[in-house]
Structure formats: C-alpha cells, structure tokens
Ligand SMILES: N=CN[C@@H](CCC(=O)O)C(=O)O
Ligand SMILES: [Zn+2]
C-alpha cells in the first residue's frame with residue numbers, strides 16, 4: 001500500500017518588530033477588557049501549514065533554526081491578525097454616486113429612499129445584472145479588501161427583494177464562499193426594505209419571505225444568518241421579531257440593522273432574540289445601552305456609514321464604558337458606505353469615536369470574528385488559529401496605524417499561511 005506522507009509546512013517568521021494580539025485564550029472582549037491588546041516585541045511566529053503553532057521572543061530562538069530555508073524575515077514589520085469584517089453588502093450591481101451628489105445638495109437618506117432611490121435603486125440595478133457578472137465583480141471587490149487586510153467577511157443579500165433576486169444574491173455569495181481564500185458568512189437580508197410592488201402590502205412581502213424565500217434558502221443552505229433593517233419607515237420591531245423567528249426556525253441566527261436613523265427598538269429586539277449582533281447604533285439612549293450591556297449580543301459599530309451620511313457617530317465610549325462588547329465593521333455598500341477598507345474604519349473609530357488604538361484593533365479583529373462565529377479560528381495570534389495576518393510597512397508604533405489614516409500601511413497579507421499576491 002502506498003504510504004501517504006503528510007508533510008506539514010513548518011515556517012518560521014522572524015524579526016517581527018511587534019506581534020500584535022497575542023493571546024493564550026480567545027473570548028469576546030467587553031468593557032475594560034477591550035483596552036488590553038497583548039503584544040510581543042522583537043518576536044518570532046512559527047506556522048504549521050495554515051495555522052499558528054507558536055510565537056515568542058527572537059532571543060529565545062535556537063540560532064541554527066535561522067538558517068532553515070523556510071524562514072521568512074518580517075523585516076521589522078508589525079504583524080497583526082487580519083481584520084474580521086462582520087457587516088458588509090459587498091454584492092451589489094452598481095455604484096450610486098448620483099445619490100452621493102444628491103446628498104451633497106442636501107437630500108436626506110429618507111428623501112432619496114422615498115423617491116425610489118437608495119436600496120430600491122440598487123434592487124433595480126441588481127435585477128438587470130446576470131448572476132455570473134454579479135459574481136465576477138463581487139470577486140474583484142473581495143480581493144481588493146483582502147489586499148487591504150481583511151481576513152474574514154460577512155456578506156448580506158438585500159438588493160434582490162424578490163424570490164428570484166434574493167436567491168440570485170445568495171447563490172453568488174455561495175459561489176464566492178467556494179473560491180474565497182478567506183471565510184465568508186452569508187446573511188439573508190430580504191427584509192432590507194419593502195419592494196415597490198409590496199409598498200402597500202407589508203404582510204404580503206413578509207409572507208413571501210417566510211413562505212417562499214426561507215424554505216429555498218434552507219434547502220440550498222444559502223445563508224448562515226438572517227438580518228432585518230429595523231427602522232422607522234422600514235421594518236418595525238414587531239415585524240422584525242416575526243421575520244427573525246421564522247429565520248431562526250430555518251436555522252439562521254439573527255444579526256440586526258438597529259438604531260441607525262432613530263431609536264428603532266432594534267437593539268432591544270436583538271437582545272430579546274439573542275441576536276449575534278445588533279449593528280449600526282448611531283442613535284442610542286440609556287435604555288438601549290443598558291439592554292445591550294446586560295446581554296451577550298455584540299454591538300457592531302459602522303463608523304464609515306455615519307461619516308458618509310454625515311450623521312453623529314455611534315456613542316462608542318458610552319457603550320464600552322457601560323460594559324458592552326463592541327465590534328467594528330465596514331458596512332461596505334453602494335449607498336451609505338462605499339468603502340470596505342477596515343484600516344479606515346479603525347482610524348475613524350479612534351479619531352471620531354475616541355477608541356484607543358488597542359480598543360479599535362480588538363473590535364476589528366477578535367470581536368469582529370465573534371460577531372460571525374469565527375472567534376475559534378481567527379481574530380488573534382493564538383496557537384491553533386489560522387495564519388490570516390497583516391504585515392505592515394515600517395511604522396514607529398502601533399498607534400501610528402490609525403494615526404496615519406491617509407497612508408496604506410498594509411505591506412503584505414498572509415491568508416491560511418500563504419502570501420496574497422499584491
Ligand atoms: N441601512 C441599511 N442598509 C445599509 C445601506 C444600504 C444602502 O443604502 O444601499 C446600511 O447598513 O447602511
Ligand atoms: Zn448594512
């Protein structure tokens with residue numbers, strides 16, 4: 001019998017100026033724990049194939065190891081866990097810069113939506129685009145983000161707004177999962193807005209999602225999560241509960257767009273349902289903060305959406321100081337955040353929401369991973385986790401990363417222990 005030899009690829013990464021996020025244990029970080037970001041200076045990192053095998057001080061390395069051909073010299077880079085972006089609408093048919101100009105001229109997000117712009121604009125464009133073309137352009141966007149340091153991502157539907165359209169989006173996401181080097185989590189967001197044909201028959205659209213979309217999604221295993229835009233003028237708390245409960249019956253865990261434009265009740269609904277996360281949180285009050293702090297639901301902040309819509313930023317300091325578990329994500333979408341650059345999200349969180357660099361990096365790695373159930377394999381430098389890593393250009397300190405917000409400080413990205421082509 002031919003013996004099959006499994007040759008594990010041991011590789012030693014040396015001369016790391018600072019190895020960031022080194023943890024023996026992995027858990028969601030909340031409150032004061034978000035401030036702690038353990039690092040090892042002048043470090044080595046040992047990889048075993050695609051996983052982290054060990055790390056430590058260069059001075060403790062056996063010198064003869066350094067002559068090993070599989071040594072990778074990090075050349076004084078900072079090495080961090082890759083970003084874990086747990087909230088994106090990366091699959092869309094076209095940009096919406098015309099609305100960008102409308103907003104500059106003073107139109108509100110709601111007014112643009114009311115005239116058939118916004119999500120409905122994206123839905124019209126998606127309807128016309130063949131699935132293969134939608135896949136190809138989404139794959140290009142995915143690789144753009146990976147090269148910017150994203151090592152795990154969640155992608156939502158929500159521009160289909162019909163059985164055929166939502167299934168088309170989720171099938172594209174499934175095809176992306178099949179070819180992507182990074183883990184992708186799929187979210188069904190049929191409840192993004194009411195399609196024009198159902199604008200006067202909300203129950204009719206809810207029935208369509210529950211009785212026509214969800215069974216096919218479950219049958220083809222097209223989604224991991226269910227999401228609802230719980231917001232005035234979109235889906236009410238009661239409708240959100242009905243739709244999420246139907247999704248949970250189909251095996252999908254809830255992640256909810258909550259408290260973006262108003263005190264929508266979405267946070268309390270998410271906590272009540274045991275949602276993985278409630279996302280946006282631009283508009284919060286004491287009750288919503290208290291409910292979130294007392295729950296295991298992660299609050300995912302989307303600062304580039306607040307920035308792009310010229311809204312007040314999320315009260316991150318209050319949320320963290322109240323003991324909430326906070327994640328950061330890009331909300332990459334053509335309407336409110338046409339950027340998937342997590343480096344910008346981290347910078348903006350420090351600059352505008354006064355997160356420390358350590359808090360922002362924890363929120364964009366560890367907690368982002370947990371907000372899409374990947375905390376067991378990504379989000380920190382922990383033995384056994386995947387080697388999805390960011391290697392920076394030469395920088396003087398960790399704080400320089402969010403500080404120098406206009407420079408791309410990502411030099412190389414490693415996914416599953418392999419370099420990603422620049
Ligand atoms: N607010 C709802 N959904 C997206 C925006 C979608 C769009 O404008 O196309 C968001 O998270 O900001
Ligand atoms: Zn969103």
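Using N, Cα and C of the backbone, Cβ positions are placed for all residues, glycine too.
The domain 'Amidohydrolase-related' annotation in TrEMBL covers 78-419.
The Zn(2+) binding site feature in TrEMBL is assigned to 87, 89, 257, 331. When secondary structure is read from DSSP and collapsed to three states, residue 89 (Zn(2+) binding site) falls in the coil class.
Residues or ranges marked as Fe(3+) binding site in TrEMBL: 87, 89, 257, 331. Just so you know, the Cβ of residue 89 (Zn(2+) binding site) picks up 26 other Cβ atoms within 10 Å once every protein chain is counted.
In this structure, residue 159 (4-imidazolone-5-propanoate binding site) belongs to neither helix nor strand by DSSP; it is coil. As annotated by TrEMBL, 4-imidazolone-5-propanoate binding site applies to 96, 159, 192, 260, 336.
Residues or ranges marked as N-formimidoyl-L-glutamate binding site in TrEMBL: 159, 333, 335.
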In sequence order, which residues at least six apart in the same chain have a CB under 8 Å from the CB of residue 257 (Zn(2+) binding site)?
189, 227, 228, 229, 230, 231, 266, 279, 280
For the N-formimidoyl-L-glutamate site given as 159, 333, 335, which other residues of the same chain have their Cβ within 8 Å of the site's Cβ centre?
89, 92, 96, 118, 119, 122, 158, 334, 336
Residues flanking the Fe(3+) site, with Cβ no more than 8 Å from the Cβ centroid of 87, 89, 257, 331 and excluding those residues themselves:
88, 156, 227, 279, 280, 302, 305, 329, 332, 333, 337
For residue 96 (4-imidazolone-5-propanoate binding site), identify the closest of the binding-site residues 87, 331, 333, judging by Cα separation.
333
